[in-house]
Amino acid sequence: MGNIFGNLLKSLIGKKEMRILMVGLDAAGKTTILYKLKLGEIVTTIPTIGFNVETVEYKNISFTVWDVGGQDKIRPLWRHYFQNTQGLIFVVDSNDRERVNEAREELMRMLAEDELRDAVLLVFANKQDLPNAMNAAEITDKLGLHSLRHRNWYIQATCATSGDGLYEGLDWLANQLKNKK
């Protein structure tokens with residue numbers, strides 16, 4: 001009985017928290033990713049005008065994920081969510097070749113912000129199930145990720161609807177959090 005109590009206490013005390021900001025251009029799949037992680041299922045989404053926030057429990061870490069709308073008119077509001085962000089998830093529609101430069105500009109603009117200087121960067125190269133999707137290496141090149149010399153970053157190929165790659169991304173974030181201590 002004491003062992004059960006000890007394990008429970010250890011799990012309660014040992015739980016870590018990580019504040020995650022998930023952004024990207026509109027229709028990249030941010031909300032679908034959030035609810036696939038939270039509920040394990042696909043939900044019908046509409047364009048996010050404000051934000052969605054959910055807590056995702058994974059590997060004894062409580063990820064508080066802020067999913068903020070990506071339409072161009074509301075992107076200036078992203079900066080209001082920067083404070084205390086430990087991890088940034090930037091979601092890219094791997095099939096949207098026409099807007100990948102726009103995605104790069106938005107990402108670089110954000111990464112220049114002082115409030116995000118210590119945040120680690122996880123890029124989800126989403127929609128990998130589509131036949132014309134750019135692979136992770138191509139997205140890495142087009143986003144200029146190799147130029148990020150002083151920031152921990154990782155790119156993960158994902159498919160939000162199937163869940164492929166999502167937990168691998170969370171694994172990387174979890175390891176980053178553990179290494180910060």
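Heads up, the Cβ atoms here are built off N, Cα and C, so glycines get one too.
Taken verbatim from Swiss-Prot:
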type: BINDING; residues: 24-31, 67-71, 126-129; note: GTP binding site
type: LIPID; residues: Gly2; note: N-myristoyl glycine
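Around the Cβ of Gln71 (GTP binding site), the number of neighbouring Cβ atoms within 10 Å comes to 12.
Note: Gly24 (GTP binding site) has non-local neighbours Lys30, Gly70, Phe90, Val91, Val92, Asp93, Ala103, Glu106, Phe124, i.e. same-chain residues 6+ apart with C-beta under 8 A of its own C-beta.
With a 10 A radius on its CB, Lys30 (GTP binding site) counts 29 other CB atoms from all the protein chains. For Gln128 (GTP binding site), the Cβ neighbour count at a 10 Å cut-off comes to 20, with all displayed protein chains included. Sequence-distant contacts (6 or more apart, same chain, Cβ under 8 Å) of Val68 (GTP binding site) comprise Leu21, Met22, Val23, Lys30, Thr48, Gly50, Phe51, Ile74, Leu77, Trp78, Tyr81. Long-range Cβ proximity for Ala27 (GTP binding site), meaning a same-chain Cβ under 8 A and a gap of 6 or more residues, is found for Pro47, Gly70, Asp93, Asp96.
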